[in-house]
Amino acid sequence: MGMRFILGRSGTNKSEVILKEIKQKISTNPIGPSIFYIVPDQMTFQQEVALFSDSETNGSIRAQIVSFSRLAWRVLQETGGGTKQFISSVGIQMMLRKIIEEKQGDWNAFQKALKKQGFLGQLETMLTELKRYEITPDDLRMQQSHLTDFVHQSPSEQGLTRKLSDLIYIYETFIYALQGTYVDSEDQLQLLIQQIKQSSILNNADIYIDGFHSFTPQEQSVLTELMKTSNSITVALTLDDPWKEDASELDLFYQPSQTYHVLKQLAWEAGVPVEDPIILDTLEGNFQNRPYFAHMEKYFDSRPAPAYEGEVPIEIFEAVHPRAEVEGIAQQVLELIRDNRYRYRDIALLIRQPEVYHDLIETIFNDYELPVFIDEKRPMLHHPLIELIRSILEVVQGNWRNDAIFRVLKTGLIPSADDEFPLTMDSIDQLENYVIEFGIRSRHQWIGENKWKYQRFRGFDSSAQTDRERELQESMNRYRDQVISAIATVDEQLRAATTVKDLCIAMYQWLEELKIPDQLEVTRKYYDDQGLPEKGREQEQVWDAVIQLFDEMVEIAGEEKMDLSVFQVALDAGIETLQFSHVPPSMDHIIVGTIDRSRMSNIRCAFLLGVNEGIWPMKPTSDGMIDEAERLLLEQNGLKLADTSERQLLDDWFYMYLAFTVAKDRLKISYLLSDEEGKAKMPSQLIHRVEELFPATKNHILLQDPEDESNTRRFVSTELKSRSALTAQLAKFKKGYPIDPIWWEVYQWYVEHHPQGGTTHRVLQGLHYENKPESLQKDTVEQLYPKRIQASVSRLETYYRCSYQHFAKYSLNLEERRTYKLDAPDIGQLFHEALKKITEWIHAEGNDFSALTKSQSSHYANRAVTELSPVLQHQILHSSNRYAYIQKKLEEVIARATFVLGEQARLSHFSPVGLELGFGDGNNQIPSLSMLLENGYELVLRGRIDRVDKAELENNLYLRIIDYKSSSKGLDLTEVYYGIALQMLAYLDVVLTHSEKWLGQQADPAGVLYFHVHNPMISAKGSMTEADIEEELFKQYKMQGLLLSNEEIVKMMDSSLETGSSQIVPAALKKNGGFYSYSKIADQSTFETLQNHIHQLLKSAGIDITNGSVDVNPYQHKQQKACTYCPFHSVCQFDPVLEENNYRKFADIKENDLLQLFEREGENNG
């Protein structure tokens, strides 16, 4: 019969004509010559359904629906050409890697690119393109020779010449490596071309070709051979005018028109007659009795075009972001199914950005209980088995890095080997917390002989291990043993392996030891039981794919020497190519596809998603090995490669046309106002085109979230989604906004059909929830707090910062995950302990602090840090070179502070009487400060004071408190007033209260001071002598705080002070006596008033805590907020937007006014 064409524009039912003809042939002669219906891969399933689903042709041994690759497999199976080993993408890339590594000499163009990630992938794509377009190394060599003949080569021509030189070498070597043994996907078609003549099933067969718009040269060669052996070839093309031989490149049908004329030419050259084409009428296809769609199809690419007046079943939607878009479309689909009697298979969603829409559609449509099939292969990359393989290689390669180890464990594929301490997800989390806190970061630390120790750093004088720590130590070591048992063997084998075969065997044996096939089978059964057969099938596919990958690597490069790092890269490249093959889970489902890949028919309603500028049509990328200019240069010299980006963009317009004309009954188009990151997006020009053709579509419908949607009835859908929408609507009502009456009917339905105590009841009850914690019941308080509460002053400061912060930290004992790092509190403890020891050593050695030299200060600092660093935070200062440097800098800070303290001591008549002075515990010199509370509880304060100094004046004893701080700090009386700075004055109160028993004499307050331990930097405007520098540095250590307003006492703190400002304390004396106003001073009665105020705050906090008071009441003072560094925000959920959540804002009160407040408070309490 020869060749014939079935031609017609979109919607003319070309496929139906072919199917009808095939059915007729099967019916007439069921066992006649073969019929092959060749379609693209993604079209085979739906055409099989279309051909064999009716009762007349529910099966056939004569007709087969195949793709080109499936036809090749079928023919090679018959003729014996299928004996060669198939090589996949990973095998090709391994072969290319080997070719590159074995090349002698330099490269002309690829030298820098060879080591870049993705180069092998680009190279593979280039070779595939060359094969697909039947370009041989000789063809490239001719192009290179032609370019070399140019006397004056442009830079582009020079670059292309060098690329061709490298490419010829690689291509020739690659073909030689494949020859006789391997075959890739492109070679399969080449073998098919060679074997068609020997195939009996193709002899005298009827061939039908559908769903293609163009063919590669290789596919054209297949068709040429089919023409010579088959009885007939029928090709369906989307084309309007077959007689137009010189169609413009801007013509909508340029691509299929070129295809039509190329196939005619091939038939003529093969001596095959070509029948007159069958041209189908647009008005007799899908658009019969649908003039609006006929108008769309006819004028889609015509300008000017008449407008279609009147209402049309075409709607344009806009959405604020992709989630709102998909949510709105799911509601539209549900409405079509529920109210318009559509079947799921009547509906299609067409997209351009799978990475944006696939997960959203799958999740949201599942919520709406809408069966959906996404016509796209999914990568296996995120399957637990793949994660296990990739992570174990990172473990070995990264010397047992923690993140890699725990990725291995969290796959759930490492079995427990200890019944008493099983390796569950909870225990894995505990183990992870341990290794992060204790700095376990290497293979040596994991597999070393020493047992892990569990003992937290709680200060330099707290060294005993608790019972709980001993229990945790036992469990951590038992978990560790199981990890070592699971990983150590494969680690050793992978390190010892030298060839690809050894590496693959080590991996395979490890997976078998873990019984991965059995574990995957259990997972498959679980998914089958859950009604998720697709997920079940994935378990089989992923194991088969991994084994095939290992087999291929061994087959291609088994004896090749390969480092583990190179093997890891090669295996990763192979893994990235692995994909799940899915078939539709049912005959009735919504189809989701991309417009350039999917082939759809019999679609009643089509949704086009994300119709935005730059996406519809899509700007093509041009990042290949041969760029755009070089492709044009080759084409001008007669070598045709794949289309340029300009041609791709023009062809994309043809795919737009197909998408906009695919539906029979309804077309719904949506575009985004912003992307998932909130960036503004513009609608595609196609939106304006539709508005021009159909003025009735200009009023766009906004797809919004439930709480903003005016048409709320659309949200009455499934039980799950309706409950979510109902909650949003009732929340609006609660805020005073009107809602649609239908929601009260929905609410009543849930009340009647869902039991109390169930999920729905709890969700609706949540509408009445206020973020206000309830006070603790009496029995709870008694369980949390003993009758005699021992508390530090900082704990009570926390209470005044925020009651809930105190509750979370001290009552519930919540804490952040501890990490192996040196925090500010750790540095502060080091400073305190170092300065204490240095002072003790100086006194013990009979030296005078005031006579200390810089050299001595440095010596003492080095001695202190050397002694303390092994105890500090699990020896963190010994863990790395970085921390060794930090240790050196900390020594310098301590040395400088020690020297300055000596200089201050030389000018002071105050001397230390207590260092790191503890109070409140039985072994301490000073008893606790105890307060009986009115509710029967006793508040017992305990703590540790950095330093207490004493001096005597006129037979009176004066005490001052000095606190060492690693950051600059002063005494803010506002903070004292509100209770968030109690510590210094409380400590002063403690030592004054117990001074007679402690020191044998009742003492008076001299002041409270903060000493900033640091190594300051100074800025100089001009040259400075060493003495000037020392003087400026000394000023930087001026202490801040509050002093007794007694000139003699202040002079005893700075004997050099006669008039002016002191360089040691925050006071300044006038010439004629008295203090300057900026001095930080208070008289004796004020100190007593402050002492009384502190007492009241401490008692008040104790009463509130023991009464069970818990409030979310963080303070705010200027720019400071209790929430800023609070780790418990995820627990309290404080939100100032909520009516019930407000900051306690501290008034900004002047210091004099504060002192008056303190005095009035003292009078009232007195």
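The chain as shown is numbered from 1 upward.
Cβ atoms here come from the backbone N, Cα and C positions, even for glycine.
As recorded in Swiss-Prot:
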- 1-290: domain 'UvrD-like helicase ATP-binding' (DOMAIN)
- G8, R9, S10, G11, T12, N13, K14, S15: ATP binding site (BINDING)
- 283-588: domain 'UvrD-like helicase C-terminal' (DOMAIN)
- C802, C1123, C1126, C1132: [4Fe-4S] cluster binding site (BINDING)
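For S15 (ATP binding site), the nearest neighbour among the binding-site residues C802, C1126, C1132, judged by Cα separation, is C1132. With the fewest other C-beta atoms within 10 Å around its C-beta, C1123 stands out among the binding-site residues C1123, C1132. Cα spacing between K14 (ATP binding site) and C1132 ([4Fe-4S] cluster binding site): 64 Å, rounded to the nearest whole number. The two recorded residues, T12 (ATP binding site) and C1132 ([4Fe-4S] cluster binding site), have Cα atoms 64 Å apart. Within 8 Å of the Cβ centroid of the ATP site, not counting the listed residues G8, R9, S10, G11, T12, N13, K14, S15, the chain contributes T238, L280, T282, G285, N286. Annotated pair S10 (ATP binding site) and C1132 ([4Fe-4S] cluster binding site), C-alpha to C-alpha distance, rounded: 60 Å. Between the CA atoms of C1123 ([4Fe-4S] cluster binding site) and G11 (ATP binding site) there is a gap of 63 Å, rounded to the nearest whole number.
Burial estimate for the binding-site residues (G8, G11): highest at G11, by number of other CB atoms within 10 Å. Taking the centroid of the Cβ atoms of C802, C1123, C1126, C1132 as the [4Fe-4S] cluster site, the other same-chain residues with Cβ within 8 Å of it are R801, Y804, Q805, V1112, P1114, A1122, F1128, H1129, F1134.
Of all the binding-site residues listed here (C802, C1126), it is C1126 whose C-beta has the fewest other C-beta atoms within 10 angstroms. Each of the binding-site residues S10, N13 was assessed for Cβ neighbours inside 10 Å, and the highest tally belongs to S10. Separating the Cα atoms of C1126 ([4Fe-4S] cluster binding site) and G11 (ATP binding site) is a whole-number distance of 64 Å. Cβ contacts within 10 Å of R9 (ATP binding site), excluding its own Cβ and spanning all protein chains shown: 24. Averaged across the domain 'UvrD-like helicase C-terminal' (283-588), pLDDT for the predicted model comes to 91. Comparing C-alpha positions, C1132 ([4Fe-4S] cluster binding site) sits nearest to G11 among the binding-site residues G8, R9, G11, N13.
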